[in-house]
Amino acid sequence: MSALMKTDPEIAEAIRLETRRQAGKLELIASENFVSEAVLEAQGCIMTNKYAEGYPGKRYYGGCEYVDIAENLAIERCKALFGADYVNVQPHSGTQANMAVYFSALSVGDTILGMNLAHGGHLSHGSPANFSGKFYNVVPYGVDRETETIDYNQVEDLALQHKPRMIVVGASAYPRTIDFEKFRAIADKVGALVMADIAHIAGLVATGLHPSPVPVCEYVTSTTHKTLRGPRGGLVMCQASYQKTLSSRVFPGVQGGPLMHIIAAKAVAFKEALTDEFKDYQSQIVKNAQALAKELIGRGYRLVSGGTDNHLLLMDLTDKGLTGKEAQESLDSAGITVNKNGIPFDTRGPMVTSGIRIGTPALTSRGMKEEEMRTIARLIAEVLEHRDNEKHLMAVKEEVGRLCQNFPLYAERIASA
(Lines of atoms letter the chains of each structure in order from A and count residues from 1; the text may use other names and numbers.)
(Lines give C-alpha, C1' and ligand atoms only; values in the text may rest on other atoms or scores of the structure.)
Protein backbone atom coordinates (compact mmCIF):
# COMPACT_ATOMS: atom_id res chain seq x y z
CA MET A 1 0.00 0.00 0.00
CA SER A 2 1.36 3.42 -0.94
CA ALA A 3 1.96 6.09 1.68
CA LEU A 4 -0.73 8.24 0.11
CA MET A 5 -3.29 5.45 0.02
CA LYS A 6 -2.60 4.72 3.68
CA THR A 7 -2.72 8.37 4.79
CA ASP A 8 -5.45 9.79 2.56
CA PRO A 9 -7.39 7.23 0.54
CA GLU A 10 -9.85 9.86 -0.70
CA ILE A 11 -7.12 11.88 -2.43
CA ALA A 12 -5.44 8.68 -3.63
CA GLU A 13 -8.71 7.65 -5.25
CA ALA A 14 -9.16 11.07 -6.90
CA ILE A 15 -5.64 10.77 -8.36
CA ARG A 16 -6.36 7.24 -9.56
CA LEU A 17 -9.51 8.36 -11.31
CA GLU A 18 -7.78 11.37 -12.88
CA THR A 19 -4.99 9.11 -14.12
CA ARG A 20 -7.55 6.91 -15.83
CA ARG A 21 -9.39 9.92 -17.24
CA GLN A 22 -6.23 11.30 -18.83
CA ALA A 23 -5.27 7.92 -20.24
CA GLY A 24 -8.73 6.99 -21.49
CA LYS A 25 -9.91 10.20 -23.15
CA LEU A 26 -8.69 12.27 -26.09
CA GLU A 27 -7.23 15.44 -24.59
CA LEU A 28 -7.76 18.32 -27.03
CA ILE A 29 -7.65 21.30 -24.68
CA ALA A 30 -5.03 23.56 -26.26
CA SER A 31 -3.45 24.65 -22.98
CA GLU A 32 -2.92 21.12 -21.64
CA ASN A 33 -0.16 18.60 -22.19
CA PHE A 34 1.38 15.46 -20.71
CA VAL A 35 4.73 15.93 -18.99
CA SER A 36 7.41 13.26 -19.01
CA GLU A 37 8.01 10.85 -16.16
CA ALA A 38 11.27 12.72 -15.49
CA VAL A 39 9.39 16.00 -15.01
CA LEU A 40 6.87 14.28 -12.74
CA GLU A 41 9.69 12.79 -10.68
CA ALA A 42 11.40 16.15 -10.23
CA GLN A 43 8.13 17.87 -9.42
CA GLY A 44 7.44 15.40 -6.63
CA CYS A 45 10.93 15.53 -5.12
CA ILE A 46 12.10 16.57 -1.65
CA MET A 47 13.10 20.03 -2.86
CA THR A 48 9.51 20.90 -1.96
CA ASN A 49 10.78 21.00 1.64
CA LYS A 50 13.27 23.83 1.04
CA TYR A 51 12.63 27.53 1.53
CA ALA A 52 14.88 29.62 -0.71
CA GLU A 53 13.81 33.27 -0.70
CA GLY A 54 16.14 35.30 -2.88
CA TYR A 55 18.25 34.16 -5.81
CA PRO A 56 21.14 31.69 -6.27
CA GLY A 57 24.10 32.80 -4.17
CA LYS A 58 21.98 35.52 -2.52
CA ARG A 59 19.44 33.67 -0.39
CA TYR A 60 17.87 34.72 2.88
CA TYR A 61 18.08 31.14 4.16
CA GLY A 62 20.97 28.77 4.71
CA GLY A 63 21.21 25.32 3.20
CA CYS A 64 20.42 26.42 -0.34
CA GLU A 65 23.55 25.14 -2.07
CA TYR A 66 21.74 22.29 -3.86
CA VAL A 67 18.57 24.11 -4.80
CA ASP A 68 20.91 26.79 -6.20
CA ILE A 69 22.25 24.13 -8.57
CA ALA A 70 18.73 23.37 -9.77
CA GLU A 71 17.78 27.01 -10.28
CA ASN A 72 21.03 27.86 -12.08
CA LEU A 73 20.53 24.91 -14.42
CA ALA A 74 16.98 26.06 -15.15
CA ILE A 75 18.17 29.61 -15.88
CA GLU A 76 21.04 28.62 -18.16
CA ARG A 77 18.98 26.08 -20.07
CA CYS A 78 16.17 28.57 -20.58
CA LYS A 79 18.64 31.18 -21.82
CA ALA A 80 19.99 28.68 -24.32
CA LEU A 81 16.48 27.69 -25.38
CA PHE A 82 15.30 31.22 -26.17
CA GLY A 83 18.54 33.18 -26.63
CA ALA A 84 17.61 35.53 -23.79
CA ASP A 85 19.88 37.95 -21.91
CA TYR A 86 18.13 37.43 -18.57
CA VAL A 87 15.74 34.74 -17.36
CA ASN A 88 13.81 34.49 -14.10
CA VAL A 89 12.33 31.04 -13.51
CA GLN A 90 10.68 31.79 -10.17
CA PRO A 91 7.17 32.97 -11.22
CA HIS A 92 4.54 30.52 -10.03
CA SER A 93 2.36 31.19 -13.08
CA GLY A 94 2.18 33.09 -16.33
CA THR A 95 -0.08 35.70 -14.76
CA GLN A 96 2.44 36.31 -11.97
CA ALA A 97 5.17 36.67 -14.58
CA ASN A 98 3.03 39.29 -16.31
CA MET A 99 2.35 40.99 -12.99
CA ALA A 100 6.09 41.25 -12.30
CA VAL A 101 6.63 42.93 -15.67
CA TYR A 102 3.78 45.39 -15.14
CA PHE A 103 5.04 46.30 -11.69
CA SER A 104 8.55 46.67 -13.09
CA ALA A 105 7.70 48.93 -16.03
CA LEU A 106 4.40 50.66 -15.26
CA SER A 107 2.78 52.93 -12.72
CA VAL A 108 -0.84 52.53 -11.66
CA GLY A 109 -3.01 54.32 -14.18
CA ASP A 110 -0.60 53.99 -17.11
CA THR A 111 -2.10 53.14 -20.48
CA ILE A 112 -1.49 49.75 -22.05
CA LEU A 113 -2.71 48.18 -25.29
CA GLY A 114 -3.72 44.53 -24.98
CA MET A 115 -5.60 42.05 -27.12
CA ASN A 116 -9.32 41.92 -26.40
CA LEU A 117 -10.12 38.78 -24.40
CA ALA A 118 -13.19 38.24 -26.58
CA HIS A 119 -10.93 38.19 -29.66
CA GLY A 120 -8.48 35.65 -28.25
CA GLY A 121 -6.47 37.60 -25.67
CA HIS A 122 -5.88 36.68 -22.02
CA LEU A 123 -7.31 37.81 -18.69
CA SER A 124 -3.96 39.24 -17.61
CA HIS A 125 -3.70 41.43 -20.70
CA GLY A 126 -6.21 43.94 -19.40
CA SER A 127 -9.51 42.21 -18.71
CA PRO A 128 -11.70 44.29 -16.36
CA ALA A 129 -12.09 41.19 -14.18
CA ASN A 130 -8.31 40.92 -13.69
CA PHE A 131 -5.87 43.06 -11.70
CA SER A 132 -4.40 44.26 -15.01
CA GLY A 133 -7.72 45.81 -15.97
CA LYS A 134 -8.14 47.43 -12.57
CA PHE A 135 -4.64 48.90 -12.12
CA TYR A 136 -4.10 50.23 -15.64
CA ASN A 137 -5.92 52.17 -18.32
CA VAL A 138 -6.46 49.42 -20.89
CA VAL A 139 -7.13 50.04 -24.56
CA PRO A 140 -8.09 46.76 -26.28
CA TYR A 141 -7.22 45.86 -29.84
CA GLY A 142 -8.64 42.96 -31.80
CA VAL A 143 -8.95 41.10 -35.05
CA ASP A 144 -10.30 42.26 -38.38
CA ARG A 145 -13.92 41.20 -38.86
CA GLU A 146 -13.26 39.81 -42.34
CA THR A 147 -9.91 38.05 -41.96
CA GLU A 148 -10.22 37.31 -38.22
CA THR A 149 -6.49 38.02 -37.88
CA ILE A 150 -4.91 40.77 -35.79
CA ASP A 151 -5.78 44.17 -37.21
CA TYR A 152 -2.35 45.81 -37.20
CA ASN A 153 -3.78 49.01 -38.69
CA GLN A 154 -6.12 49.25 -35.72
CA VAL A 155 -3.22 48.61 -33.33
CA GLU A 156 -1.24 51.44 -34.91
CA ASP A 157 -4.21 53.83 -34.89
CA LEU A 158 -4.90 53.10 -31.22
CA ALA A 159 -1.23 53.49 -30.32
CA LEU A 160 -0.98 56.86 -32.07
CA GLN A 161 -4.19 58.02 -30.41
CA HIS A 162 -3.58 56.82 -26.84
CA LYS A 163 0.24 56.85 -26.58
CA PRO A 164 0.47 53.73 -24.38
CA ARG A 165 3.36 53.10 -22.03
CA MET A 166 3.30 49.42 -23.05
CA ILE A 167 1.86 47.22 -25.79
CA VAL A 168 1.05 43.68 -24.66
CA VAL A 169 1.30 41.04 -27.38
CA GLY A 170 0.05 37.49 -27.07
CA ALA A 171 -3.10 35.42 -26.92
CA SER A 172 -4.83 32.40 -25.46
CA ALA A 173 -7.02 31.58 -28.45
CA TYR A 174 -5.39 32.90 -31.61
CA PRO A 175 -4.59 30.35 -34.34
CA ARG A 176 -2.32 32.47 -36.53
CA THR A 177 1.32 33.63 -36.49
CA ILE A 178 1.93 36.83 -34.54
CA ASP A 179 4.13 39.44 -36.21
CA PHE A 180 6.25 40.72 -33.33
CA GLU A 181 8.26 42.93 -35.69
CA LYS A 182 5.11 44.86 -36.61
CA PHE A 183 4.28 45.42 -32.96
CA ARG A 184 7.85 46.62 -32.36
CA ALA A 185 7.60 49.11 -35.22
CA ILE A 186 4.27 50.44 -33.93
CA ALA A 187 5.61 50.74 -30.39
CA ASP A 188 8.65 52.66 -31.59
CA LYS A 189 6.40 55.28 -33.18
CA VAL A 190 5.01 56.19 -29.76
CA GLY A 191 7.94 55.28 -27.50
CA ALA A 192 6.17 52.29 -25.95
CA LEU A 193 7.62 49.18 -24.36
CA VAL A 194 6.56 45.77 -25.68
CA MET A 195 5.79 42.72 -23.57
CA ALA A 196 5.22 39.47 -25.45
CA ASP A 197 3.32 36.73 -23.64
CA ILE A 198 4.18 33.50 -25.47
CA ALA A 199 2.56 31.11 -23.00
CA HIS A 200 0.72 29.19 -25.71
CA ILE A 201 3.40 29.17 -28.39
CA ALA A 202 6.60 28.92 -26.31
CA GLY A 203 7.48 25.47 -27.62
CA LEU A 204 7.07 26.64 -31.19
CA VAL A 205 9.16 29.75 -30.52
CA ALA A 206 11.90 27.74 -28.79
CA THR A 207 12.28 25.45 -31.79
CA GLY A 208 12.11 28.12 -34.48
CA LEU A 209 8.64 27.17 -35.73
CA HIS A 210 7.23 30.57 -34.79
CA PRO A 211 9.10 33.90 -34.96
CA SER A 212 10.71 34.80 -31.64
CA PRO A 213 9.87 38.01 -29.79
CA VAL A 214 13.06 37.84 -27.70
CA PRO A 215 15.23 39.97 -30.04
CA VAL A 216 12.61 42.70 -30.47
CA CYS A 217 10.69 42.97 -27.18
CA GLU A 218 11.87 44.39 -23.87
CA TYR A 219 10.02 41.69 -21.95
CA VAL A 220 8.89 38.16 -22.79
CA THR A 221 6.79 36.02 -20.45
CA SER A 222 5.56 32.46 -20.67
CA THR A 223 4.14 29.55 -18.82
CA THR A 224 6.25 26.42 -18.62
CA HIS A 225 3.46 23.96 -19.37
CA LYS A 226 1.34 24.04 -22.56
CA THR A 227 3.58 23.54 -25.63
CA LEU A 228 6.77 23.64 -23.51
CA ARG A 229 5.54 20.43 -21.84
CA GLY A 230 6.93 21.26 -18.42
CA PRO A 231 5.39 21.64 -14.96
CA ARG A 232 2.73 24.24 -14.30
CA GLY A 233 4.56 27.51 -13.72
CA GLY A 234 5.86 30.68 -15.30
CA LEU A 235 9.02 32.42 -16.46
CA VAL A 236 10.01 35.89 -17.55
CA MET A 237 12.81 37.09 -19.83
CA CYS A 238 14.06 40.59 -20.47
CA GLN A 239 16.84 42.59 -22.02
CA ALA A 240 19.84 42.96 -19.72
CA SER A 241 19.21 46.61 -18.85
CA TYR A 242 15.88 45.72 -17.21
CA GLN A 243 16.96 42.69 -15.19
CA LYS A 244 17.72 44.33 -11.83
CA THR A 245 14.33 45.98 -11.52
CA LEU A 246 12.50 42.96 -12.88
CA SER A 247 14.14 40.51 -10.49
CA SER A 248 13.13 42.67 -7.53
CA ARG A 249 9.54 42.74 -8.77
CA VAL A 250 9.38 38.94 -8.91
CA PHE A 251 10.92 38.70 -5.43
CA PRO A 252 10.05 40.35 -3.14
CA GLY A 253 7.59 42.29 -5.30
CA VAL A 254 4.89 39.75 -6.08
CA GLN A 255 6.17 36.50 -4.51
CA GLY A 256 7.98 35.19 -1.47
CA GLY A 257 9.71 31.82 -1.53
CA PRO A 258 10.07 30.08 -4.90
CA LEU A 259 8.81 26.53 -5.40
CA MET A 260 12.14 24.74 -5.71
CA HIS A 261 10.67 21.37 -6.69
CA ILE A 262 8.83 23.08 -9.55
CA ILE A 263 11.99 24.93 -10.59
CA ALA A 264 13.83 21.59 -10.65
CA ALA A 265 11.09 20.23 -12.91
CA LYS A 266 11.36 23.32 -15.12
CA ALA A 267 15.07 22.61 -15.52
CA VAL A 268 14.29 19.06 -16.64
CA ALA A 269 11.69 20.29 -19.14
CA PHE A 270 14.11 22.87 -20.56
CA LYS A 271 16.73 20.15 -21.04
CA GLU A 272 14.18 18.04 -22.90
CA ALA A 273 13.24 21.07 -25.02
CA LEU A 274 16.84 21.52 -26.17
CA THR A 275 16.82 18.17 -27.99
CA ASP A 276 16.21 17.40 -31.66
CA GLU A 277 13.37 15.12 -30.59
CA PHE A 278 11.56 18.09 -29.07
CA LYS A 279 11.84 20.04 -32.30
CA ASP A 280 10.36 17.08 -34.17
CA TYR A 281 7.58 16.97 -31.59
CA GLN A 282 6.77 20.66 -32.07
CA SER A 283 6.73 20.23 -35.83
CA GLN A 284 4.29 17.36 -35.44
CA ILE A 285 2.03 19.49 -33.23
CA VAL A 286 1.60 21.94 -36.10
CA LYS A 287 1.18 19.21 -38.72
CA ASN A 288 -1.48 17.60 -36.55
CA ALA A 289 -3.35 20.85 -36.00
CA GLN A 290 -3.36 21.57 -39.72
CA ALA A 291 -4.48 18.04 -40.59
CA LEU A 292 -7.28 18.29 -38.04
CA ALA A 293 -8.29 21.69 -39.40
CA LYS A 294 -8.32 20.50 -43.01
CA GLU A 295 -10.49 17.50 -42.20
CA LEU A 296 -12.97 19.54 -40.15
CA ILE A 297 -13.26 22.12 -42.92
CA GLY A 298 -13.85 19.29 -45.38
CA ARG A 299 -16.69 18.11 -43.17
CA GLY A 300 -18.38 21.49 -43.33
CA TYR A 301 -17.14 23.19 -40.16
CA ARG A 302 -16.08 26.82 -40.16
CA LEU A 303 -12.79 27.64 -38.46
CA VAL A 304 -11.97 31.13 -37.25
CA SER A 305 -9.50 32.71 -39.73
CA GLY A 306 -9.95 29.69 -41.99
CA GLY A 307 -7.37 27.43 -40.35
CA THR A 308 -4.28 27.48 -38.16
CA ASP A 309 -0.55 28.21 -38.18
CA ASN A 310 0.13 26.85 -34.71
CA HIS A 311 -1.13 24.31 -32.17
CA LEU A 312 -4.76 25.33 -31.91
CA LEU A 313 -7.89 26.03 -33.89
CA LEU A 314 -11.24 27.63 -33.13
CA MET A 315 -14.44 26.07 -34.44
CA ASP A 316 -17.34 28.44 -35.04
CA LEU A 317 -20.57 26.53 -34.38
CA THR A 318 -22.94 29.42 -35.07
CA ASP A 319 -24.42 27.81 -38.18
CA LYS A 320 -24.67 24.35 -36.58
CA GLY A 321 -27.47 25.18 -34.17
CA LEU A 322 -25.53 24.48 -30.99
CA THR A 323 -23.46 26.41 -28.50
CA GLY A 324 -19.89 25.85 -27.43
CA LYS A 325 -21.16 24.66 -24.05
CA GLU A 326 -23.39 22.05 -25.66
CA ALA A 327 -20.58 20.90 -27.95
CA GLN A 328 -18.13 20.58 -25.06
CA GLU A 329 -20.58 18.51 -23.02
CA SER A 330 -21.52 16.24 -25.93
CA LEU A 331 -17.91 15.60 -26.87
CA ASP A 332 -16.95 14.92 -23.26
CA SER A 333 -19.69 12.30 -22.99
CA ALA A 334 -17.99 10.50 -25.89
CA GLY A 335 -14.49 10.73 -24.41
CA ILE A 336 -13.25 13.80 -26.29
CA THR A 337 -12.16 16.72 -24.12
CA VAL A 338 -12.28 20.27 -25.51
CA ASN A 339 -13.27 23.62 -24.04
CA LYS A 340 -16.06 25.98 -24.99
CA ASN A 341 -14.57 29.22 -26.26
CA GLY A 342 -15.76 32.56 -27.49
CA ILE A 343 -15.11 33.50 -31.08
CA PRO A 344 -14.39 37.03 -32.34
CA PHE A 345 -17.54 39.18 -32.25
CA ASP A 346 -19.39 36.45 -30.35
CA THR A 347 -22.93 37.35 -29.30
CA ARG A 348 -23.05 34.69 -26.58
CA GLY A 349 -21.54 35.01 -23.11
CA PRO A 350 -18.32 33.31 -21.94
CA MET A 351 -20.15 30.53 -20.10
CA VAL A 352 -22.07 29.56 -23.25
CA THR A 353 -20.07 30.76 -26.30
CA SER A 354 -20.47 30.05 -30.00
CA GLY A 355 -17.30 28.02 -30.43
CA ILE A 356 -14.88 25.46 -29.10
CA ARG A 357 -11.10 25.59 -28.90
CA ILE A 358 -9.13 22.53 -29.97
CA GLY A 359 -5.39 21.91 -29.58
CA THR A 360 -2.99 19.12 -30.49
CA PRO A 361 -0.04 19.25 -28.01
CA ALA A 362 -1.31 16.55 -25.65
CA LEU A 363 -2.29 14.00 -28.29
CA THR A 364 0.97 14.64 -30.13
CA SER A 365 2.76 13.77 -26.87
CA ARG A 366 1.00 10.41 -27.04
CA GLY A 367 2.50 9.81 -30.48
CA MET A 368 -0.54 10.51 -32.63
CA LYS A 369 -0.01 11.88 -36.13
CA GLU A 370 -1.99 13.09 -39.14
CA GLU A 371 -3.88 9.84 -39.70
CA GLU A 372 -5.18 9.89 -36.14
CA MET A 373 -6.13 13.56 -36.51
CA ARG A 374 -8.30 12.74 -39.50
CA THR A 375 -9.97 10.00 -37.48
CA ILE A 376 -10.52 12.38 -34.57
CA ALA A 377 -12.04 15.02 -36.86
CA ARG A 378 -14.49 12.38 -38.06
CA LEU A 379 -15.33 11.43 -34.48
CA ILE A 380 -15.87 15.08 -33.51
CA ALA A 381 -18.20 15.56 -36.47
CA GLU A 382 -20.12 12.37 -35.65
CA VAL A 383 -20.68 13.48 -32.07
CA LEU A 384 -21.82 16.97 -32.98
CA GLU A 385 -24.12 15.71 -35.72
CA HIS A 386 -25.65 12.91 -33.60
CA ARG A 387 -25.40 14.42 -30.13
CA ASP A 388 -28.91 13.28 -29.16
CA ASN A 389 -28.30 9.68 -30.22
CA GLU A 390 -27.01 7.81 -27.17
CA LYS A 391 -26.21 4.67 -29.15
CA HIS A 392 -24.10 6.67 -31.60
CA LEU A 393 -22.27 8.47 -28.78
CA MET A 394 -21.42 5.14 -27.14
CA ALA A 395 -20.04 3.82 -30.43
CA VAL A 396 -17.78 6.88 -30.70
CA LYS A 397 -16.71 6.43 -27.07
CA GLU A 398 -15.70 2.83 -27.78
CA GLU A 399 -13.64 3.95 -30.78
CA VAL A 400 -12.01 6.64 -28.64
CA GLY A 401 -11.11 3.96 -26.10
CA ARG A 402 -9.43 1.81 -28.74
CA LEU A 403 -7.49 4.80 -30.05
CA CYS A 404 -6.26 5.61 -26.55
CA GLN A 405 -5.18 2.01 -26.01
CA ASN A 406 -3.12 2.16 -29.20
CA PHE A 407 -1.28 5.23 -27.87
CA PRO A 408 -0.86 4.50 -24.15
CA LEU A 409 -0.10 7.17 -21.58
CA TYR A 410 1.92 6.58 -18.39
CA ALA A 411 1.68 2.81 -18.87
CA GLU A 412 3.14 1.84 -15.48
CA ARG A 413 0.92 4.29 -13.61
CA ILE A 414 -2.15 3.01 -15.44
CA ALA A 415 -1.24 -0.59 -14.64
CA SER A 416 -1.25 0.22 -10.94
CA ALA A 417 -4.29 2.52 -11.05
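Note that the numbers count up from 1, one per residue, in the order the chain is shown.
Glycine too: its Cβ is placed from the backbone N, Cα and C atoms.
Here's what Swiss-Prot has on this protein:
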type	residues	note
BINDING	Leu117, Gly121, His122, Leu123	(6S)-5,6,7,8-tetrahydrofolate binding site
SITE	His225	site 'Plays an important role in substrate specificity'
MOD_RES	Lys226	N6-(pyridoxal phosphate)lysine
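Here the features listed in Swiss-Prot are placed on the structure.
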{"residue": "Leu117", "record": "(6S)-5,6,7,8-tetrahydrofolate binding site", "DSSP (3 states)": "helix"}
{"residue": "His122", "record": "(6S)-5,6,7,8-tetrahydrofolate binding site", "DSSP (3 states)": "coil"}
{"residue": "His225", "record": "site 'Plays an important role in substrate specificity'", "DSSP (3 states)": "coil"}
Query = What other residues of the same chain, not counting Leu117, Gly121, His122, Leu123, have a CB atom within 8 A of the CB centroid of the (6S)-5,6,7,8-tetrahydrofolate site?
reply = Gly114, Met115, Asn116, Ser124, His125, Gly126, Ser127, Asn130, Ala171, Ser172
Query = If you count the other Cβ atoms within 10 Å of each Cβ, which of the binding-site residues Leu117, Leu123 comes out on top?
reply = Leu117
Task = Across all the protein chains here, work out how many other Cβ atoms are within 10 Å of the Cβ of His122 ((6S)-5,6,7,8-tetrahydrofolate binding site).
result = 24
Query = For the recorded positions His225, Lys226, which one has its C-beta crowded by the most other C-beta atoms within 10 angstroms?
reply = Lys226
Integer Cα-Cα distance in angstrom, Leu117 ((6S)-5,6,7,8-tetrahydrofolate binding site) to Lys226 (N6-(pyridoxal phosphate)lysine) = 19
Query = Near Gly121 ((6S)-5,6,7,8-tetrahydrofolate binding site), which residues of its own chain have a C-beta under 8 A away, given they sit six or more steps off in sequence?
reply = Gly114, Met115, Ser127, Pro140, Gly170, Ala171, Ser172
His122 ((6S)-5,6,7,8-tetrahydrofolate binding site) and Lys226 (N6-(pyridoxal phosphate)lysine), Cα-Cα, nearest whole angstrom = 15
Remark   = If you measure between the CA atoms of His122 ((6S)-5,6,7,8-tetrahydrofolate binding site) and His225 (site 'Plays an important role in substrate specificity') and round to the nearest Å, you get 16
